[in-house]
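What Swiss-Prot records for this protein:
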- 63-300: domain 'Grh/CP2 DB' (DOMAIN)
- 133-386: region 'DNA-binding' (REGION)
- 241-268: region 'Disordered' (REGION)
- 241-265: compositional bias 'Basic and acidic residues' (COMPBIAS)
- 294-326: region 'Disordered' (REGION)
- Ser353: phosphoserine (MOD_RES)
Amino acid sequence: MAWALKLPLADEVIESGLVQDFDASLSGIGQELGAGAYSMSDVLALPIFKQEESSLPPDNENEILPFQYVLCAATSPAVKLHDETLTYLNQGQSYEIRMLDNRKLGELPELNGKLVKSIFRVVFHDRRLQYTEHQQLEGWRWNRPGDRILDIDIPMSVGVIDPRANPTQLNTVEFLWDPSKRTSVFIQVHCISTEFTMRKHGGEKGVPFRVQIDTFKENGNGEYTEHLHSASCQIKVFKPKGADRKQKIDREKMEKRTPHEKEKYQPSYETTILTECSPWPEITYVNNSPSPGFNSSHSSFSLGEGNGSPNHQPEPPPPVTDNLLPTTTPQEAQQWLHRNRFSTFTRLFTNFSGADLLKLTRDDVIQICGPADGIRLFNALKGRMVRPRLTIYVCQESLQLREQQPQPQPQPQKQEDGDSNGTFFVYHAIYLEELTAVELTEKIAQLFSISPHQISQIYKQGPTGIHVVISDEMVQNFQEEACFILDTMEAETSDSYHVILK
């Protein structure tokens, strides 16, 4: 009886010893010189090796996702098995992302003949940087004024409809596309991974980013808010050609490893498949109406028209006439800041009305916005115009041009008065910036309300009445505020004229 009671205890001791010996024997497996060692026990603890988890697959494991996104860039060969793929990109280079429709026949029939909206983002991979994303992006915007983090290369893209880029969200672009048609989007990432490292002393590793795509379908109100699919991949961005060098270095390192060591790493694939993920949480502006600063044109446009520049908004007038008034409300002041390329400072001036902004002194705005943007904002607030490089004054002497026109059009004025001479001339100012003969021709044609092509040649009357052809060099040597009398005569061809400056 005593012998029977001692047997389980002996078995427990033996089993415990075997487990310890087995763990000890496994702890050395997988170690390699020059690299961080890992424990095989940890590997066996991964979900892929857990029989109890693999025997109960989730309901959606075999589900085919409605869409698939493929980034046409090779993955790094220096990524270990079971780790997420990593893809190297060059700064500013266009990379294709293929938008594929994986729906089975009869699946999601409500999308047939309909468009969907996809939102592209470049976000931080590290959770620590995700918490401070707003501050990080604001710092980047401060160091790179006027630049964007993410752009679409429209001329190279196929099937992209209504692309938009919000000037306040530098890392986001969106567009509509038809899943039943071929769609390829070429993106450009303009920030590099080392721009967000803690401190830059040279040789530091850059932080990884994520390219995330969220796709939505249209709801009953015509707004694209119903989530369909999200996927993302991990990237690192290098200076131009830096990604190619990094890929080559990783490949050469892998070639030096033994076959046994290579088994621990993933092969390099020619393309990167974005894997399913949760939708981006801060999708508060997803709707069908364009936000301030969006380009809402439904036709194709060049990358310059879609880069989020406030100059391409459909509604604002030219900045020259868009003056800020003391009666401007805080909401209107925010729109004025967006239109005049001061989106960076809208948060600072959230509660400022037009009167508040106009009361700021030059020193105030420089202290708030920094020297460069401060001076620009101060000039915009005061409505200051850029002084032209050259100003000349002209007056018409002959009325031949008026007589030759089939219909009366506004002419430079020649008014008669009751002085001793009986007449006096009224001059018109012409402002020149480029100081070229072509620019002078265009300005004179504008003055006479005719086409520049109707002015065959412009001459300047020289000594003894000779006619000298106006060249760029002659225009550049005009004196500031020089006065000229314009004489016109009919050219050899009909409906064109020679203009003589006297």
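Just so it is clear, glycine is given a Cβ too, placed from its N, Cα and C backbone atoms.
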Q. Counting across all protein chains shown, how many other Cβ atoms sit within 10 Å of the Cβ of the residue listed as 'phosphoserine'?
A. 19
Q.
Within the region 'Disordered' (241-268), count helix residues (DSSP H, G, I), strand residues (E, B) and coil residues, in that order.
A. 19 helix, 1 strand, 8 coil
Q: Tell me, roughly as an integer, the mean pLDDT over the region 'DNA-binding' (133-386).
A: 79
